Structure formats: C-alpha cells, structure tokens
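Q: Pasting a structure here, questions to come.
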Amino acid sequence: MAAPEGSGLGEDARLDQETAQWLHWDKNSLTLEAVKRLIAEGNEEELRKCFGARMEFGTAGLRAAMGPGISRMNDLTIIQTTQGFCRYLEKQFSDLKQKGIVISFDARAHPSSGGSSRRFARLAATTFISQGIPVYLFSDITPTPFVPFTVSRLKLCAGIMITASHNPKQDNGYKVYWDNGAQIISPHDKGISQAIEENLEPWPQAWDDSLIDSSPLLHNPSASINNDYFEDLKKYCFHRSVNRETKVKFVHTSVHGVGHSFVQSAFKAFDLVPPEAVPEQKDPDPEFPTVKYPNPEEGKGVLTLSFALADKTKARIVLANDPDADRLAVAEKQDSGEWRVFSGNELGALLGWWLFTSWKEKNQDRSALKDTYMLSSTVSSKILRAIALKEGFHFEETLTGFKWMGNRAKQLIDQGKTVLFAFEEAIGYMCCPFVLDKDGVSAAVISAELASFLATKNLSLSQQLKAIYVEYGYHITKASYFICHDQDTIKKLFENLRSYDGKNNYPKACGKFEISAIRDLTTGYDDNQPDKKAVLPTSKSSQMITFTFANGGVATMRTSGTEPKIKYYAELCAPPGNSDPEQLKKELNELVSAIEEHFFQPQKYNLQPKAD
C-alpha cells in the first residue's frame, strides 16, 4: 500500500515499500519474476512506471496496460480491485448474498505477463464466491452490453466486464455496472476506490480460481441470456417481410473482437441473411494483427479489408463493431464507387429518425408523445432536438458518456416514460432500452433493417440522411483533438479562457465570430440561465467549456478522461429550408480554424495536432 501523503516517506522509500509488498503478495510467477528482474537490474525508471501510482478507479472503472505493478492490469491488481468492490457492495446491498453479480470478459490477452480477460474474470469470480456471494460468470466471451442486460434481466446487484474496448492491444479494463443496469456514477467510484485501498492484502483463497468450478455459487448464464437477449431484440424488428426479401448485401467486421457470432445471430433473429464476415478479422485475436488501432471510429484505415470484401461480393453496406461490440461504424458505397463512412452524429440522425418513424407507425395516438424521450450527450449533434421540436416528443441532453444516458434513461423508464433512443458521437447507440448502455449488436441489425427498408423506396442511407437534414435542418459537425501530456499546461489553457478579457471574463468573440452564450461545467457557470448556474452536473476534476455563437454554431472544448487529449466538438445548426450544406461546411471550417488559432493556441502551449 502506498505510503500516505505526509507520511514522511520520500519517493525512493515509497517505491521500496511498494515493491517489497509486491514481492510478498504476488503469486503470478511471470509478473513476480519481472519485478525481481527490474530490482536486480536497478531499473528505477521502469520500476517507477510500474509502481509510481496505483490505477485510479473512476466511473469508467479501470483501464491501463497489462503488466507488473500497481499502475498496471494484472492478477494482483484485479484481486485488490475486486476485494474493494466486494466490500463496497456488501455495505450497499443487504441482499448481495441472495442476488449476486454477473461477470463477463472479452478476448484480450497478454502472454508475457500471464494476464488475459478470461483469467481476470475468473479471479474476480473467485473473490466474490470466497465471500459466499453468487456469481453468474459467462463461460465464454460476450459483447459488453450482455453484462448490463444480465444485471437487469436477473435483477442482480452489480456487473463487471473485463474489457479495454477499442484501446491498443496491450491494454485491459474493468468496467462496472450498478443494480439499475447502468454504469456507475459518482459517488460510487470514490466509495469503491476507498474500499480498494482498505483491502489490498489478498484474501486467503484469492489466488485459487480452481475452487470456483465445483462451487454451488457459480452459475453460467450463457445459454439463457443468449436466448433472452435475441428474443427481446426481435421486438425491434419492424419489417420482417422486407428483411426476408431484401437484395441488399452486407459485410460485417468484428475487428478481431467478440462480435462475429452475436451479429450473425442478430441477423437471423430479424430474418435477414447474415452478413458476409471479413475472414481475416472475424475470429478473436488479442494481437489485432490487421489494424494499427482496433477502433472503427478511426474510419477507412480499419475498414480496408471490409471494403475489399464488399467490392468483391457486391455488398453496398459495411457494418463494423469495435472489439467488445458495444459500438458500431457504418459505411455505404456511393454511386461514384467511393465509400462513405458515416460519422457517429450522422448515424445517430439516421437511427433516431428510424426508431421514431417506426414507433409512430405503431402509436397513432399523439398524446403518447408527451411521455416519449430521446437522449444524447452534450458534445453530440443536436439533430434529435430538431426532430423532437418538430414531431412533439422530448429531447434531453446529458453529460458526456453513456453512464449519464443509461442512468437518466432508467429514471425516465421508472417514471413510466418511453425512451426510444440515445446516442453519442463516439459511435455509441442505445437502440433498445432493455440494455441501458451502448450496444453495437442491436445497432448493427437495426441499421441493416433500415437500409433494407430504404432500398424498397429506392433510397440509400446517404439519400435518407439528406432528406432528414432538409426536413429538420442541416446539422454540420466537426470534431478533433490536440495531444498534451502536461496537466499543468491543460489547466493553464482553460484558466486563460476564463480570464480571456481580463480577470474572470470569458471571451466575447473568437476571431470574427461573436459569442452569445457560455457554459462552463468545470465551474458550474452558465450565462443562459437566469441565476447563471449550470443545470447539468459539474465536475472540478475535468475541464469543459461550451461556447454558443451568434451564427448558430456551438463548440465544446473538454479534456479526455482516459487519454492525454484536449478534444473539441463543433456544430452549425441551420433551420429547415437552408439547403446549402457546402456554405455551412465552409462557415463551420472557418469557425473551427478560429477556435484552434485563438482558443487552443497550439504554438503557445506546444500542443500536438491529431495525426492524419
């Protein structure tokens, strides 16, 4: 356990204490020997990387590289984390021993440290079962959304998913869901973090995962949950007869992750011919050998093999899941022969329009609209707001991340409301509220049905997107980031924005663009509110300022919770009838250039631009 601040221990003494404790506790021969080797070599630099600071447990759980030490994902840190989580749950739920928890995992592995998602999941299960708590442990890999689905379906106290989603291959993660089926939000992260610090010494049975196989407390939910998930999914199939007859062909890639068999099953549930799978990428492979980054959000580079297969099989649509299948990218072949990869905001517009249109056909009574909702995050396109204003349902924005949308959706559902859809620009979609998180499996098959239906009207996805913008107003978006590894520099950049025109004066313009409103969710300031106080929750630990411009533009600058990035998201919203998207794009590009030049000031702060 790290020496507490003010304990009088210097940096070297603290490092010595951490490594000594590690040698005493670690029973994984690979990580134990790695630390012994570093000590023998006197490799202080590497030891500091491994032991400098314990991984911080946040609302997204843990995410870090696999390897030895307290700053990495490994057997010992998984045991310590789970012991803390277990003790925290015992305090929160008096019926934990009756209800239990669910654990699943993706296909990640790190042979040099002996770490893998499956191994970590079994160690986590061992921790809970040793305390008399039932564990529903999937016997094989699943998509991340199967964990929140299982929590809700079986009415469990919590869920754990071992995954690093679309991160580089060396990483892994530990994602946590609460009994409401949504990701945890504060203050649970702080409570769990404190409980981890109080339970660092491994419990007697912590390392012996063979004990769980004969335990009556171990349950395998795979078959029943698989069946229940696809039965629930069928309720979102609106055009079964169209699906049976469609001539539209699809290609699917799971990018070496878990999605392949689940998307095949989803297509069968909708009576669609299953998509052609990219053979080099369909099976799980923790090395992700065919891609630089296993992230379909990176666009065409990840989709090269998909496009080649689609060209060969004459498929018009490519569907791409990230490795844990909670996100989805869609690309469509244009008449020119070029491939168009839809942005997260564009697919959000298409899916939102589709789910509302399909719901409206089944609900002719307009009075139901007053209890109908869609959600998106504050940095995502406001296209759903435009559709809601015209059609009469409710739109709400939340803070960034599905933890906020999932928790808000659950509140609304508990109040008897209907939540049709939620999305975020980072290609995350909740099309079916039986999963209170983003779900790339349901999004893939619903996108396929949408494309099949449009084909009966001789429309492509691109043509329908244009029709949505013509009817509800063009929403042109642009997002990017700068890399900055120095937290003090990031803080200074944002503080300077808060005192741009003298102390405590935010900027009144950005270049030639006049600013009409400012919301600062770090300080809680919002000059659009009568009392100047922001309505959305605020957080002093992360930077986030939104500027609204007189020309209808909105831009948000924020820090990333998981990467050394300052991100920006800009959007220009035009009223219906403005059908000159090229002019809007030009104006948005000018606005973004002004923001980069005047607000980011990359030369002054030594920021690295996003690599092309």
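Glycine is treated like the rest: Cβ placed from N, Cα and C.
Heads up, here are the entries from Swiss-Prot:
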type	residues	note
MOD_RES	A2	N-acetylalanine
BINDING	R63, S165, D326, R327, T400, E424, K438	alpha-D-glucose 1,6-bisphosphate binding site
MOD_RES	S165	phosphoserine
BINDING	S165, D322, D324, D326	Mg(2+) binding site
ACT_SITE	S165	active site, phosphoserine intermediate
Q: Which of D322, D326 has the fewest nearby Cβ atoms, counting only those within 10 Å, among these binding-site residues?
A: D322
Q: Once the chains shown are all counted, how many other Cβ atoms turn up within 10 Å of the Cβ of D324 (Mg(2+) binding site)?
A: 34
Q: Once near-sequence residues are set aside, which residues in the chain of T400 (alpha-D-glucose 1,6-bisphosphate binding site), 6 or more away, have Cβ atoms under 8 Å from its Cβ?
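A: Non-local contacts for T400 (alpha-D-glucose 1,6-bisphosphate binding site): S377, T378, V379, E424, M544, R558.
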Q: Looking only at R63, R327, the binding-site residues on record, which one has the least crowded Cβ, with the fewest other Cβ atoms within 10 Å?
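A: Across R63, R327, these binding-site residues, the one with fewest Cβ atoms within 10 Å is R63.
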Q: Tell me which residues of the chain lie with their Cβ under 8 angstroms from that of K438 (alpha-D-glucose 1,6-bisphosphate binding site), as long as they are six or more apart in sequence?
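A: Spatial neighbours, sequence-distant, of K438 (alpha-D-glucose 1,6-bisphosphate binding site): P145, D326, R327, F402, F423, E424, G428, Y429, M430.
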Q: Rounded to a whole angstrom, what is the C-alpha distance between R63 (alpha-D-glucose 1,6-bisphosphate binding site) and D322 (Mg(2+) binding site)?
A: 16
Q: Counting across all protein chains present, how many other Cβ atoms fall within 10 Å of the Cβ of E424 (alpha-D-glucose 1,6-bisphosphate binding site)?
A: 26
Q: Quick one: pull the CA-CA distance for D322 (Mg(2+) binding site) versus S165 (alpha-D-glucose 1,6-bisphosphate binding site), whole Å only.
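A: Just about 7 Å between their Cα atoms.
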Q: Could you round the CA separation between D324 (Mg(2+) binding site) and S165 (alpha-D-glucose 1,6-bisphosphate binding site) to a whole angstrom and send it over?
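A: Given the Cα positions, D324 (Mg(2+) binding site) is 5 Å from S165 (alpha-D-glucose 1,6-bisphosphate binding site).
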Q: What are the non-local neighbours of S165 (alpha-D-glucose 1,6-bisphosphate binding site), defined as same-chain residues 6+ apart in sequence with CB under 8 A from its CB?
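A: Listed in sequence order, they are T144, G173, D322, P323, D324, D326, R327.
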